[in-house]
Structure formats: structure tokens, C-alpha cells
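Input: a single structure, listed below in C-alpha cells.
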Amino acid sequence: MGSSTTTILVLVLLLLGLVQLAVSGHDYKQALSKSILFFEAQRSGHLPPNQRVSWRSHSGLYDGKSSGVDLVGGYYDAGDNVKFGLPMAFTVTTMCWSIIEYGGQLQSNGELGHAMDAVKWGTDYFIKAHPEPNVLYGEVGDGKSDHYCWQRPEEMTTDRRAYKIDRNNPGSDLAGETAAAMAAASIVFRRSDPSYSAELLRHAHQLFEFADKYRGKYDSSITVAQKFYRSVSGYNDELLWAAAWLYQATNDKYYLDYLGKNGDSMGGTSWSISEFGWDVKYAGVQTLVAKVLMQGKAKEHKAVFERYQEKAEQYMCSLLGKSTKNIKKTPGGLIFRQSWNNMQFVTSASFLAAVYSDYLSSSKRDLRCSQGNVSPSKLLDFSKSQVDYILGDNPRATSYMVGYGNNYPRQVHHRGSSIVSFNVDQKFVTCRGGYATWYSRKGNDPNVLTGALVGGPDAYDNFADQRDNYEQTEPATYNNAPFLGVLARLISGPTDFNQQLPGVSPSPSPVIIKPAPVPKKKPTTPPAASSSSPITISQKMTSSWKDEGKVYYRYSTRLTNRSTKTLKNLKISITKLYGPIWGVTKTGNSYGFPSWMESLPAGKSMEFVYIHSASPANVLVSSYSLE
């Protein structure tokens, strides 16, 4: 056989192999599972018994203590050990949106529970970070000192100071995004845990009011965030974003009117944006408002909402190359926005395109572009092309999801994954020693950061798998959050989805907590609240850890007013308490409502926490009044 014949035969075989690869496609279900698993690697706080990422351990167990507030929990944003509130809240919001749109697909693939756990890990933290209506803690740790060290989160020695916004130091973008996260999460938990859903919605209402009433950029108040998560777009987009999610969660016309009356002045109808991410929310707002319009719920704001939709469709058309100003792409077809963590814009755009494709299909209409109408399926095709590129269909045949495929990044810019597990070797890694020993080594990471989406290739599809190449090899939670939604969508293939369009979706049923019967004779000084009392107390241990040979426990105590009247003049007796307590005010030998509360309405609960190295304290209601 001649050399030319051999060459032709080899090419034919290669082509057949490529065809077979194209036919077989990617395992979206496996990618979905791994994408959700990544969030467990990013957990801060006391890890639960069902933690699946076994190379991680407890960390940040004293966060907030110096400020007198419990800020244990939440997520590290990327490859560092700082908890940044703005990207964390956006992560939770987009994760919730993924569940809201494609919860059925997540459930059928066995991942809905894991996804909801990931959301709750964030919202539990936000509840603690919002101890008063006009106070929100937006950062724990300092990026400058943290980036000076290369240490595992389990033993970090860096500054864990907590930073907050309040009425004198506002942060409308931070409070608005957190309100959006809480509102979206209230939808996620509405059926499975209605009381928790109601609690989330209460925080969302308060945070939105705080954001709207006391306006200002959060990085002007939390200045240490400026070099890491600067709010370039300002706060108008977050206010509209929060209003959109609160309307989705409540069907309250107040938020519909807010979107209608402020759409023009706040940029919702005028900004034509080529990105969607933790800083710029306009494309997300415009997509949600377009959904409301297609549902026929715009009412007197129809004209304004049509302008929102016009901008939403300009964004979608630019993704497809059908606009007057199209989004740039690499030669291999990946959309490209910036060299530093470009992946965040790829996954968010893919998710928006998939969602909008389904909205259009359900309303039986096409996408209207300046270069002609486009069928909804083209948007889903775009999403698939981006996902397939990420998973390996690219010029380098590299998967940019760690642990997926055979060729994926092995030297991820991530402190936890690049240092031997704390559970394997507890020898202390010093601040600078971590750089010398672990950061600079050329070997693969000792711990596989399964499911992490790294920053990705440059504008020419080039990628260098090197730990010090943080622009390309650092992962982030907000890369993964929208990705799980589009993966869940793609598992089902090119079928249409019924998104309750254009019909009006039903209003959510209010959460009603039925009060227990009130005793005929109300004692003025009752004993401990029992099951027949109008006030009930429940305690549970939420975490434990070991420090210098001693085991410490964190207890959560919930007091519920089950009467039909407002609870006032509360006095609580707490004995056998040997540690700090948060969420109540001490007066003499008794405890009462926290400083920001004067009463507890009927059917509502309050919560306080304490830490000590003993069994639960004795908590009794010593006196109260019902009015």
C-alpha cells in the first residue's frame, strides 16, 4: 500500500472517529453532577455529615465573632479564602433560577436535593449576615492579606474581620442582590419547607427596602472589596433585579409597578449590555421582565416592558451574530469578553439563551433580530455549542471542567485543592511557606477540584494549565451556578418546555402558621413553654468542632409565638450557659428581644444562637405579655 493511500486511510479513520464523537456527544448528566459537587468544595464553616468532598474539613469557625455576630458558613468565592457577599449572592440567585426553571430535570436526574442543599448553604449564611433590617454583613476576610498567603482554609491565619453596610454606610447593590437571592430561594423552598420560605421572603422584603431607601454603592462602604469585586455598574441594575425576583416570588403589584415606573430612569430599558454576571444584571432583568410581558401580566406597563424585551432580544441576537453589534468569539466559537475568568460570561450567557429559547417556544414566537427573525431552537443550539466547547469540543480538546473527560486542568489556582488535604496531613502550612512548597510546585493538585469551571482559554483558544496562571486556571462559584441550569436543560434534548406562557401563572399561596389554642387563663409569669403554651421553644445543635482538645457546640434556639396576639415584654431565663450568645439582649439576669425588635407578631419566630462546650443550656420563658 502506497504512502498516499495510507495517509488517506488514516484521515478517513480519524474522520470516522470524529463523527462518532459528534454522534455520541457529551455526558451532560455526569457534568451536571460534578458541577453541583464543586459547591461542596467551596463551603466555609462546619461541614455536615453528608459532605461528599472528603478532602475538605471545617473552616472559618470564628467568623464574625469579633463583631459580635455569627457569620460561620457561606462560600469562598474562588481559589482564595475570602467570603465576598456580592458574588456569593449572585451565585445563589442564579442557582435558584436554574432550579426554578429546570427543577424537574434536576429531580429526574437525582440532583435536585443536592442543588437545594447548595442554595440553603448560602441562604442560611445570608440570614445570619442580616441581623437587623438595615444591616448586612458583606465580606469576611480581607483580600489583600488573604492573597499574601497560600494556606488551606482549615488553618488560615489571615485577617477574618467582618465588614458590613448599614443606613450610614449603604450598599444598594449588595443589599439588592442579596434580596434577589432570598426572594428566588423562597420560591425554591416554597413547597418543601414553607416556614423557611416565608423567613427568606421576610429578609428579601427588608433587604429591598434597605437597598432602595438608603442608596449607595457597597464598595464605597466596604472599600476593601474595591480591588476584587468593584461595582462598576452601580446599583440601579440590582434594584431592578431584586424587584423582578420579588415580583416572581410574590406577584405583588408593588414590584411590578417598580419595574414599570423605574425601567427608563434606571437603565432597564436603555442599557444594551453584552454581558451578564455578578456585577451587571441588566440582561437578566430584561429576560425576566420579557417573561412577565409574554405571560400577559404587564398590565398598564406593557409599553415599558416591551422596551425591556427589545433590549433582552438585542442581547440574544448578539450571541447569535444576528445584531448590529455582536459579541466577540474565539476562532473555536467560544464567546469572549475578557482575559480574566472569561468563563463566567460564557455560562451565564448560555443559561440566559436556553431560558429565553424556552420562553419564546412557549409563547409560540420567534426571536426578532435586526437581520431577520430567528427560531427559538437557534438559541438552544447556541447554548449547546458553548457547553460542548467547555466540555472538550474545542481546538485544544481540553475540558475546562475539572474532573470531566481525560484532558482537564490539573494545576488549578486554588488553595484547598493545591495543598495536601488537612484530613491527610495536619502539619501546619505557613502563610508564605504555602507559596514555596505548594503554589510553586509543578505537579498535579493533590486534591481534584471536581466540577470546577476554570477561567478558560484566551481570545485565540490558547490555555496554559499552570497554577500561577490565575486568569485562566482559577475557578469561581458564579461560573458554575448558571451552568447547572443549562446542563439540566440540555439533558432533555431539543424538546419544548411549557413555562406557563403566555398564560398567567398562579399567585403563590400565603404561608399560614396555625396557632395553637390559647389557654383560657393566661399566666402572668409562666414556666417553661410547653406544647400547650402559646410560646414554644425548640433547640438543636447545628455544628460542633474541636479546638485544643476540647469539643465546642453551636446551638440554635427558636422561640415561636403560637398565639393569635402580639408577644411583648419578653423575658427569658437562661441557665447553664458557658459561652457567648447572639440574637438576644441581656438585661440584669434575664434576656429579652434583640435591640432591633420590640415585639413578635402572631405566628412568627425569633432565633438566637450560643456556643459552649457543654450540653444545651436551660432556656425558659420567665414572663411575657400578649396584646
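Count begins at 1; order follows the chain as displayed.
Just so you know, glycine gets a Cβ as well, placed from its N, Cα and C.
From a predicted model like this one, the values you see are computed outputs, not experimental measurements.
Database features (TrEMBL):
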ACT_SITE  HIS413  active site
ACT_SITE  ASP465  active site
ACT_SITE  GLU474  active site
DOMAIN    535-615  domain 'Carbohydrate binding'
REGION    516-535  region 'Disordered'
SIGNAL    1-24  signal peptide
Reported as an integer number of Å, what is the Cα distance between HIS413 (active site) and ASP465 (active site)?
9
Measuring Cα to Cα, how many angstrom lie between ASP465 (active site) and GLU474 (active site)?
10
Helix, strand and coil residues within the domain 'Carbohydrate binding' (535-615) as assigned by DSSP:
0 helix, 51 strand, 30 coil
Could you list the residues of the same chain, at least six apart in sequence, whose Cβ is under 8 A from the Cβ of GLU474 (active site)?
ALA78, GLY79, ASN341, VAL412, HIS413, HIS414, VAL454, GLY455
